Structure formats: structure tokens, C-alpha cells
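> Can you keep this structure in mind? I'll have questions shortly.
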């Protein structure tokens, strides 16, 4: 295990840098997980830890504000990344995440919580753009899928921590403990260089060579033959890519012709479909409103306990994705994930229908069946849709338009998530949980059709073309 794969000596720096960079996603995950157990408390006049109580409409806005921040973060960090480089964008992610915890601590009104959620969205929107590109550019193609999957593993682990601490730690203690994490992340990001691709774009070839040697772990006194070969191969690919760009006059600004060709259009449509699948299959909304969902189906277990169980299942699903993504490819995992989401949400909707609309006695099933079905949905979603979508997004887009098109797709993701987070609690309130779940099942079926018919496998694809 230690001689091959991501734990081998040749890839050790790529792994360590990835782990340092994704610390911000752990912080972001804690902020996401904070909402689900805290929301019922904020809606209860007897349990609220602050000086105000919120209703269902305010709770829907509290969820949706995340997406408004994410939309802004997509474009803001796209500009920062293209203007000042990947490293400066990584530094910038720490600022809004730090602000979240100060706003939570000093919250005196719902508006302060809105601003905190917007800051969470700024972090989420920025890191969803910056980190997949950064990791994709420093990682060897043989382990790129697994390293990119660490992005979602850190988010899910953070969500689990958020579920646990929001359920069991006093409200005002949480920010005091968590605020140290983004500050630690900021320090760690100063310890590694800019990506070699970015340095080549700036014309700093010698710095690019040093950076690539660092990430290939062949800058020491006795580098291995494998690391030297990886360095030479990657540098030649970058050089050929640069020469091709010069030949095609790629030193001029982007034009409509770069987007209005068959390859680019198909890649952008695929990216938008991946974002639609990511949000409207329901998993993202489930994570934000998990405790409320379990309250509605009247489980015998405490809703927050069920939520923590689901948080653990997320991590298992992401670990499975890390193991499978570079072995069996991206497409098969997305197909399996869509099938599982369609079947699982349909089954959960059926259970909710009998629980909400009929007098059927479900007491024998209520202790285990809802959490089992939800665990099935969340596990398969993290095996494919949640973990692999961002990897495929970066790989499928042509290098010339990758940064801009990724921003466009993530802007669509933010718009989709705003609609989902704003409407989901209202749909549960006015249409019922069953109809809401069946809607997610229909979207999963549509996404399954697209994945089977139109999606191309991107495993092993070069990042330079």
C-alpha cells in the first residue's frame, strides 16, 4: 500500500499539500453541518440559544443565503485565481470562513445569521472552483481522481463534526473552538509553491520547473527514477500545451469561437447537467434539513442521532469513491449513484406518504427504516454524484476555457442550490415530504438517462488539452 498509489513516496508531497489545502473544506463542512441540528432549536421559543426565534420562511432564507454567497464567490474567486494565481485565491478562502464564526458568536438578529451564511457561501463557492483546479494541476494523472475526492471527504467529515457539535456543544462555545481551523489553514497554505501550470502561463519557466520538481518529490539529493520520469513527462506535456496555445494564438482574450464549437458546447452542457444532478437529486437539501426530515417521519430515534448516523455514512461513501474512482472510472460511479438516488428517494417518499397521508401503523419500522433508506441514498450519492461530479467537471472542460467555464457551471450550481434550499422546506410544509421526495426521484431518473447516453469517460485524461 505504501509503495504504490497516493501513499507512495513519489506522490507524498501531492498528498500532503492536498490535505493542507482541503482543511478549509473541513471548516466549510462544519459550517454546513451546524445548520441542520441548530435549525429546530432556532425555531423553538423554549430551546433557542439566541435572543430571537425564526419561522419556516426565515429558515428557508437562512438555508438559501448560502447559495447567494456561493454565486458571488464563484465569480470573485474566478477573477482572483486568474488575475493573481491559485495561491492568492487559496489565501482568500480563509477570510470569509473566519468571519462566519464571529458572526455566529455575536448574532443578535436573524440578519447576522444571514450574513454568516453568505460568508459560508463565499467560502463554498470559491473553494468549489479553486480547489479542484489546484489539486488537478498538482496531481499526477494516476492519482488525480483520488486526490480530488479528498475534497468531498473533508466536507463530509466536517459536516459530521458540525452535526455532532451542534447537537451536543453549547451554541457560543462552537465558534470559539472552530475559528482556529481557518487560521491554521492560512498558515499551511504558505508552505507550498504556486502550481507549475500557472507559473508557465506567467512566463516563469524556471520557477515552474522548481514547482513541478517539488510536487513530483524529485527536488532532493536522491530522487527516485519514477519521480524523475513523472517530472519529465508532466513538464513535456506542459511545454507542448504552451506551444499549441501559441500556435493557435491563445495569447489573445477568449472569444465566442472558443465556446461555440462542438467540443466546448458538449463539455459545458455536461458540466451544467452535473451541477443539476448534484443539487436536484436532493442530497444537498437533505444535508441542510436532515433533522427536520427525520422529525416529519416521526422516527423513534432522536432526529439529531439519525442525522449524525447519516453524517458517518457520508464519510463511508466518500471513502468508497476514493477507492473506486481511479480503478473503475467516473461514468460507472455516476450511473450507479443516479440509480440509487432514484430508487432511494422514491422509497423514502413512499414511506413518508404512508406516514403523513394514511393511518398506517409504522411504529415497527420507524426505528430503523427511514434512517436505512436515507443512509442508502446518501451512501450512493457520495460514491458518485457528490464525490465525482467536480472531478469530471474539471476533466471534461477544454484547458483554454476551463477556468471561465468552471465558474459558469459553478454559478449554475449556486442558482440551482438557491432554488433547492429556498423551496425544500416550503415544499415539505405545503406539498408534503412524500411529493418532495418523488420530485427528487424524477430528477435522478432524468440525470441517469443523460449519464448513460451522453457522458464520456474522463479517467486518465490529460489536464493540458
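Just so it is clear, glycine is given a Cβ too, placed from its N, Cα and C backbone atoms.
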> Tell me which range among 233-253, 401-421 TrEMBL lists as transmembrane segment.
401-421
> Which is it, of 200-221, 332-353, that TrEMBL names as transmembrane segment?
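Here TrEMBL associates transmembrane segment with the stretch 332-353.
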> Looking at the transmembrane segment (433-455) and the transmembrane segment (61-81), are there 3+ C-beta pairs under 8 A, with each pair at least 6 apart in sequence?
no
> Residues sitting near the transmembrane segment (373-394): Cβ under 8 Å, six or more positions beyond its termini, same chain?
128, 132-133, 136, 144-145, 148-149, 151-153, 156, 270-271, 274-275, 277-278, 281-283, 286, 290, 293-294, 306, 309-310, 313-314, 316-318, 320-322, 324-325, 330, 333-341, 344-345, 347-348, 351, 402, 406, 409, 455, 458, 463
> Can the transmembrane segment (61-81) be said to touch the transmembrane segment (113-135) if we require at least 3 CB pairs below 8 Å and skip pairs under 6 apart in sequence?
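Judged by the Cβ rule, the two regions touch, with the required three close pairs present.
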> Looking only at the domain 'Major facilitator superfamily (MFS) profile' (17-459), report the model's average pLDDT.
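Averaged over the domain 'Major facilitator superfamily (MFS) profile' (17-459), the predicted model reaches a pLDDT of 86.
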> At least three Cβ pairs under 8 Å linking the transmembrane segment (171-188) and the transmembrane segment (401-421), pairs spaced 6 or more in sequence?
no
> Between the transmembrane segment (307-325) and the transmembrane segment (147-165), are there three or more CB pairs that fall under 8 A, provided the residues in each pair are separated by 6 or more in sequence?
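Yes, the stretches contact each other.
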